[in-house]
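Take a look at the structure below.
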C-alpha cells in the first residue's frame, strides 16, 4: 500500500506584499496557489532579521532560510554571533585573537588585518575591524596594518570613502592603525580561481609591485576618475604606510563568509599553493573569523556550531523515508543547508538533482527547470514509498534577481502550473503539503520609480497547510515549519528543536 507523503514545498523568493507595483507575486496569474490559499488554512511568517538569527532589519536569504527551516529553531548566523560576542565582551577574551596578538608582541612584529570594509553584513562588517583595533590597543600592539577590500556590491557602488573616513577617525581616536593597501573585492575576493586577479591584491598587500598613492582616499578617488566603482578598484599601496607581510607577523582576516575569503587565504596559509609563484612568509600566525576551507592552515576565531536534530535527522531516527529535490541553483539549500551544514545523506534519504538551464541570465528562460523538477517528483511519488518530501522551486528568486517584471511574472506562472500537478497528486495519495517560501524577492522587482530592484525583501512569507479542519497561529517564523511538518507526520518534536508547530492545538 502506498504511503501518505507529507511535503514541504518552498517557493524560493516569494513573499506577501500589499502593493501591486513591481509585485510579480500579485500580478502573476496563479490559479493553483489561489485555489489552495482559499480552500485551506493559511498564515504568514517572518523570514528576516532577528526571526532567522540575523541582525534586526536584515533581509533573509536562501542559505539562512533553509538552515532555519531545517533546524526548526532560530539559527544564529555568524554576523549575529560575532556582534553578540563584541557586545558581551567575550570577543576580547577570545583565545585565538589573543594568541595572534601574543605572537606579534613576542616577535616585536606587525599585526595585519584583512577584510571587506563595509557594513553590507553579507561577508563582513567593518565594526568588527574596529573591535580588533580596540583589542590591539588594549594589548599594546604598536604596528597595525589594515588591508582594506572595497565592496560596492552589497552596499552602494561608490560608498568606500565613507568607510575609509570612519576607519581613519577610529585610527586617530585609538592612536594605532593605518591603511597599508586597498583592493577592490573583484581582485582580493575572487572565488573562481582567477589567480591573476588575486595576484594583484597579493602584491599590494606584500608591498611588492603595485600603484602607490599618498592616502587611501587619494587612491580611491583616482579610480573613480577612471570610471571604476569600489568593487573594481585596482589594488594599490598607501605610500610609507605599508611594510608588507613579513616573517613573524600575524594576520587576522575578519570576513565571516568563507567563499570569497578562501583564495587569498590559501596564498598565505596553504604550503601547497600553486596558483602563482609566491614567497612563503615564515612563522606567520594566520587567523580567520570562520573556517574557510580544509586547505588553509589557520586558527579559527569562531568555530562552527553543530546543529543536531534537524528535520532530516529526526526523519531518520523515526525510520521515515525522505526525498530532497531541486534544480542545481537550489540543490545545496534542500540538502546541505536544510541538514544544518551536513553533506551526507541520512538513512532513508534520497535526492534528485535536476540541472538548471545553461543560459546567461534566467530572465531568458523564466521557467528554468521547473517542469523537469515536477516530472521527476511525480515519478518519485508514483513509487509510493515516501514519507517526507522537501522540494524547492528556484524560479521566483533566481528570475526575481534580474529586476525584470515580465520574466518574473512568467517564472511564477510556470511554478504555479507545476505546483498544481504536484499538490493534487499528494492530495490524491491522502498526503499533506505545506506551501511556503524562504524569503522575499519576486514580491518587489521594481523600485517605486520603476528601477530594477534585484535584492531580497524583508516581507513575511505565506504558509498554506493543506489539511482541513485545523487552525493556524497568526504569526510565526521559518523555524516553526519543521515542527509543523512533525505535527503532520505525528512524530514527537525533540527538545533542541525549539520552534513551535503553526497548527493550534
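Every residue number used here counts from 1 along the chain in the order it is shown.
Note that Cβ sites are derived from N, Cα and C of the backbone, with glycine treated the same way.
Mn(2+) 2 binds 62, 438, 439 as Swiss-Prot records it, and from the list 12, 385, 387 the residue named for this site is 12. In this structure the residues listed as binding substrate are 123, 153, 154, 185, 191, 257, 258, 259, 260, 330; their two most distant Cα atoms lie 25 Å apart. Cβ neighbours within 10 Å of residue 123 (substrate binding site), excluding its own Cβ and spanning all shown chains: 24.
Counted within 10 Å of its Cβ, the other Cβ atoms near residue 62 (Mn(2+) 2 binding site) come to 24, all protein chains included. Residue 397 (Mn(2+) 1 binding site) is surrounded by 30 other CB atoms, counting those within 10 A of its CB over all protein chains shown. Cα of residue 12 (Mn(2+) 2 binding site) to Cα of residue 191 (substrate binding site): a span of 24 Å. Highlighted in sequence order, 12, 13, 61, 62, 396, 398, 400, 439, 441, 442, 454, 455 have their Cβ within 8 Å of the centre of the Cβ atoms of 397, 401, 456, the residues recorded for Mn(2+) 1, and are not part of that set.
For the pair residue 258 (substrate binding site) and residue 438 (Mn(2+) 2 binding site), the C-alpha distance works out to 22 angstrom. With a 10 A radius on its CB, residue 439 (Mn(2+) 2 binding site) counts 28 other CB atoms from all the protein chains.
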